[in-house]
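Asker: This structure is in structure tokens; I'll ask about it shortly.
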């Protein structure tokens, strides 16, 4: 059931990304559906047989908004005092490499199904010339996945087409939600609360966030074509997908760890959808850029908290630590012993 819903979401996301090339798609509807489908796909891909070996600590969560602010301000100053073309050329090279890795990793599960097991499992170890202590491990399947990834990134670097930008942005978002682990809901609440303040400050009280978003010619935002010649694209930052997305993914893995049908995932996901819709409504009402996390964070945490308190599971949720959960193999082994 989980695999079927994920595949259906993948197909829907691919179709929605390509649709504006063929028909007119309302950008507001496009933003909502694309953001929700991306979070959905990333969440289900984050469910692994073994718990994550590394998770974010409370201290890291507290520092994250400060580090983000420093990086944002640095980019603003770079665009202000250096040539915008020069900065974007350097960033294009950087995201070219990252894009190959992210796009290849996103395609890999689908590609592996059509390749021999030997290609998927046997590792190839490559040592850097002159630096023999540095090595890279990869499989033949990863090499195959890197081919379309490289071709796609070449197209992006040459054309900077909005579709290429979006596909790479979606790959970054899905990989971010899949790979990052908050560890606990307490850490997640700290992170979301900090970025809630961060987003409000940099959007409402300074021109920095909007200025960087408009100047930064890289796949850190999704572009949605509009019929307005003065404003040809609506934008959604990847942070508005990934940051709440990793919290929603934690809710899904919490459900899975208890061996139950996704229930808290549904409430957290519903909160995310409500938050995105609220952002769009307010943005169109005031005709001004809005900090999406202002609406998404309260909606996600609020829906999850209400559902949890209603069921009386608040203690279980607050005490959940993903690094201490058992792998599916361990659970299966215990179950088999009980049967014996």
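For all residues, glycine too, the Cβ spot is worked out from N, Cα and C.
All annotation found in TrEMBL is predicted automatically rather than curated by experts.
According to TrEMBL, the protein carries these features:
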type     : residues : note
TRANSMEM : 61-79    : transmembrane segment
TRANSMEM : 86-111   : transmembrane segment
TRANSMEM : 138-157  : transmembrane segment
TRANSMEM : 189-213  : transmembrane segment
TRANSMEM : 233-252  : transmembrane segment
TRANSMEM : 264-286  : transmembrane segment
TRANSMEM : 292-310  : transmembrane segment
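Explain the structural surroundings of these features, please.
Answerer: Note on the transmembrane segment (61-79): residues 87, 182, 187-188, 190-191, 194-195, 197-198, 202, 208-209, 211-212, 215-216 of its chain, located 6 or more positions outside it, place their CB under 8 angstroms from a CB of the stretch.
Only residues 6 or more beyond the boundaries of the transmembrane segment (138-157), in the same chain, are considered here, and those with a CB under 8 A from a CB of the stretch are 92, 96, 99-101, 103-105, 107-108, 111-112, 115, 118-124, 126, 164-165, 167-168, 219.
Below 8 angstroms of C-beta separation, residues 56, 58, 61-62, 64-65, 68-69, 72-73, 75-76, 79, 182, 221, 235, 237, 239, 243-244, 247, 289-294, 297-298, 300-301 of the same chain, each at least six residues beyond the ends of the transmembrane segment (189-213), sit close to that stretch.
Counting residues 6+ beyond its ends, the transmembrane segment (264-286) has Cβ neighbours under 8 Å at 28, 31-32, 35-36, 39-40, 43, 240, 244-245, 247-248, 251-252, 254-255, 292, 294-304, 306-308, 313, 317 in the same chain.
Within its own chain, the transmembrane segment (292-310) has Cβ neighbours under 8 Å at 189, 192-193, 195-196, 198-200, 236-237, 239-240, 243-244, 247-248, 251, 263-264, 267-268, 270-272, 274-276, 278-279, 282, 317, counting only residues six or more beyond its boundaries.
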Asker: Hey, which bits of the same chain come close to the transmembrane segment (86-111), Cβ under 8 Å, at least six residues off its ends?
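Answerer: Residues 45, 75, 78-79, 141-142, 144-146, 148-150, 152-153, 156-157, 167-168, 170-172, 174-175, 215-219 contact the transmembrane segment (86-111) from elsewhere in the chain.
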Asker: Using a Cβ cut-off under 8 Å, which residues of the same chain at least 6 positions beyond either end of the transmembrane segment (233-252) come close to it?
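Answerer: Same-chain contacts beyond the ends: 27-28, 30-31, 34-35, 38-39, 42-44, 46-47, 162, 169, 172-173, 176-178, 180-182, 184-185, 188, 191-192, 195, 213, 219-226, 262, 264-265, 267-269, 272, 275-276, 279, 292-293, 296-297, 300-301, 304, 322.
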